[in-house]
Amino acid sequence: MSALLEARGLSKRFGGVVAADAVSFSLAPGEMLAMIGPNGAGKSTTFAMVGGQLAPDSGRVLLDGADVTGLSPAALFRRGIGRTFQVAQTFATMTVCENVQMALLSAAGEVFGLWRTARARHREAALEALARVGMAQAADRPTATLAYGDVKRVELAIALAARPRVLLMDEPTAGMAAQERAELMALVRTIARERAIGVLFTEHDMGAVFAHADRILVLVRGEIVAAGAPEAVREDARVRAAYLGETGARTAAQALDARETHDGGRP
Amino acid sequence: MDPAFLVIQGLNGLASASSLFLIASGLTLVFGVTRIVNFAHGSLTMLGAYAAALLAPLAMASLGKPLGFWTAIAVAAIAVGLLGVLIEIVLLRRIYRAPELFQLLATFALVLIIQDLVILTIGPQDVLGPRAPGLTGFVEIFGRRFPLYELFLIAVGPIVLGLLWLLLTRTRFGILVRAATQDREMVGALGVDQARLFTGTLFLGAFLAGLGGALQIPRAPANTEMDLALIAEAFVVTVIGGMGSVTGAFLAAILIGVLQAYGILIFPEITLVVVFLLMAIVLVVRPYGLLGKPEPIGAGPGAAFALTLRPWTGVENALAILGILALAAAPLLLDAYGVTVATEAVILALVAFSLHLIIGVGGLVSFGHAAWFGLGAYGAALAVKSLSIPMEAALALAPLVAGLGAALFGAFVVRLSGIYLAMLTLAVAQILYAVAFQWVEVTGGDNGIVGVWPADWASGRIVYFYLVLALAGAAILALRRIMYAPFGYALRAARDSALRAEAIGIAVRRTRWLAFALSGAAAGLAGGLWTFLKGAIDPTVLSIPVSVDALAMLLLGGAQTVIGPIVGAGLLHMMEDQTMPLTDYWRLVLGLVLLAIVLLAPRGVVGAIEALREARRDETRAAKGAPP
């Protein structure tokens, strides 16, 4: 598989603390890549460097072979990188549909338009994006009135509306109920396959990770200590010792088993 | 230059720095714990000065000179401290969780109320206090005489800093104050009695303000204008030092005091500018001041003035058309005076509406909108007076000048957010005020520029009304159009969630910057129209009260709706017009109105009507048995 997104030797230190130490990985189209590790392992730092919130001290981020290191989140969006946040970020004073329209207006380069009314612009496309995540019926509701699980779905629709090639998801299931988590991750995986979107996500829920990731990166103290298919990562002694422990390994095993029976494994 | 003179000048600077520090330390302590920027802090200082100046002669007569004098100082400071407690219990407690803008407005309401109460009870004249017994002499420094009292003041600053340090590090109260400054939530979670902590902090802060004022009386008489002058300087000191940092306030006070002392030698015309310029530079280089820490998430811009957009209903469209028709017919219904009042109201509506773009839509709490109104006013007046260009061209120039000014300063302003943004906008307006005040050759200084009348064809009262209605109306409609256009949505998106906006490719700073410039241009047009209406302008068009009036109109009408600011401008101006002839105490009335908005109707008049309608709709639905 050719690399869609590639991180090469990303490093970042804060004072004396090395938050990320030469982190390298690549992401293929349609692939679900999970980044896991204990608190303080450098997941958020790495994520922020890839997402443009933080400039790396050294190393590069390549998108389709082009250097995008240090570009702002807004510039990365224009190059096809969408993202969701640990605490869902939506526009609370707008309707659900307007939230998605906003992303489409921006993608069309229309946000500095001062004259034409915005309300009907890209409404059809926005409704389609909402239908894809199962939120079309709520299109004209104020976003502030939605349940949190639905807000997460709307955020996903916003992130996907402009047809990104890469989707960055920081703790996508945080704050959701168990049933909602599984549904959301399954939905992301289906869409990723359909549209050949590379998805990089961090996650604390080992069930979600081992049920939905194609590959897993394990970060400990700023370094990648293991990377590979879920089965291999689960077996890795270092990963068990440093992060998963017995409970985590059990959750992972259960998730992997469920996956075999439900969807017949990975492509 | 004579080195001895330089030393004396430096000592003068240090003496001012001490006074400034006393005032600023209280402000910064109160902010650290309560997160409220107390606009009335300068008023507390003023009250301290009045109390000491009035008490000292009495006390000195009955207790003897030195004892009486110092007793009066102490009693004045303690009395002001107790007033601080009263303010905390009656007002601040209700607004700790309110958005910053409401906190600023509520405490500014106190400024207005205290000012008029002082005039009501003591009178408008200055009150001169006695000189400090035993400190009336001079010492000789390098052959020059230096007042002993100034030396005493120089010592007071470090002594108070030392005492505060002991209080903050060695007492339980002080440790709690420091803890609350770092993390208020956590202190609450640990079971500390917050009410007592906050009340205690207010006592300490107000006591320091009162002491700072009381110690001024041997130097200068107490007067009714010291409140705003002092609070502006104290803001600068606390912002430069870092909000919440006492040591930072001390450093900044010395910096400002010395800068002013020497600045007056080098640039006597622009000392005021230099001070605010320093603040602007510090904010841009170190957005949280010299020793400040990044602000933990505050109450934010607040939903109370977050505009929500929906298309207007038929009724609303009809009402809007009716309103425009009523305005168009106004000259037929009103007498000459009424027409002038209506003209003013239309201009002010544009001011409020232009502010709406950055506050209601953009969520940027600007406390210095007078800057752009005044820039337009001066731009038009100077164009006519110095360049001798006709009214038509001057009216085109006004929004251009103000828009460019707003674009220039806005580039710095949009780097900040929250309370620091409010402070920087205030500073920008004060810089321009200072320029207008001090650059006498160009601006005419205090007297302003007179004899700027409309062109002959527009000089009739009624014709000028229609000109204003056409231009201001067009500008308001254009701004409204922008709110409904993609740009308005993007601006709102950046307000609702800057993170999300960035993540979908919206350049948040650039969006805010353009909004700032557009809003400034619209306010500048209003300023130009104002100039030709009045025929004369002076620096008051750039003053804090103009900014506050604009905010009051915006919030009185209600910033959650598109039409609110216009209704608010009409209401407030009518109220002012009806009150002014009846009483000299308009500020008192305005203060009470502001308090009423903040405490009783945070959504404003139009917001309240909307709420009523929503409630009725829900009731009808419930009656029909439909799901809500």
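Here the Cβ of each residue, glycine as well, is placed from N, Cα and C on the backbone.
Taken from TrEMBL as is:
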type	residues	note
TRANSMEM	B:6-32	transmembrane segment
TRANSMEM	B:44-63	transmembrane segment
TRANSMEM	B:148-168	transmembrane segment
TRANSMEM	B:197-217	transmembrane segment
TRANSMEM	B:229-255	transmembrane segment
TRANSMEM	B:317-334	transmembrane segment
TRANSMEM	B:346-373	transmembrane segment
TRANSMEM	B:393-414	transmembrane segment
TRANSMEM	B:421-440	transmembrane segment
TRANSMEM	B:460-479	transmembrane segment
TRANSMEM	B:513-533	transmembrane segment
TRANSMEM	B:553-573	transmembrane segment
Interface present between the transmembrane segment (B:197-217) and the transmembrane segment (B:44-63) (three or more C-beta pairs under 8 A): yes
Between the stretches B:197-217, B:460-479, B:553-573, which one has more Cβ pairs under 8 Å with the transmembrane segment (B:513-533) than any other? B:460-479
Which bits of the chain, at least 6 residues beyond where the transmembrane segment (B:553-573) starts or stops, bring a Cβ under 8 A of a Cβ in it? 101-102, 105, 303-309, 316, 320, 341, 344-345, 348-349, 351-353, 355-356, 359-360, 476, 480, 483, 593, 597-598, 602-608, 610
Among B:346-373, B:393-414, B:421-440, B:460-479, stretch most in contact with the transmembrane segment (B:317-334) (C-beta, under 8 angstroms): B:460-479
Mind checking which residues of the chain, 6+ beyond the ends of the transmembrane segment (B:197-217), have their Cβ under 8 Å from one of its Cβ atoms? 19, 22-23, 25-27, 29-30, 33-34, 38, 41-42, 44-53, 56, 72-73, 76-85, 87-89, 92-93, 96, 128-130, 153, 156, 160, 167, 173, 176-177, 180, 187, 226
Which range out of B:393-414, B:421-440, B:460-479 gives the transmembrane segment (B:346-373) the most CB pairs under 8 Å? B:421-440
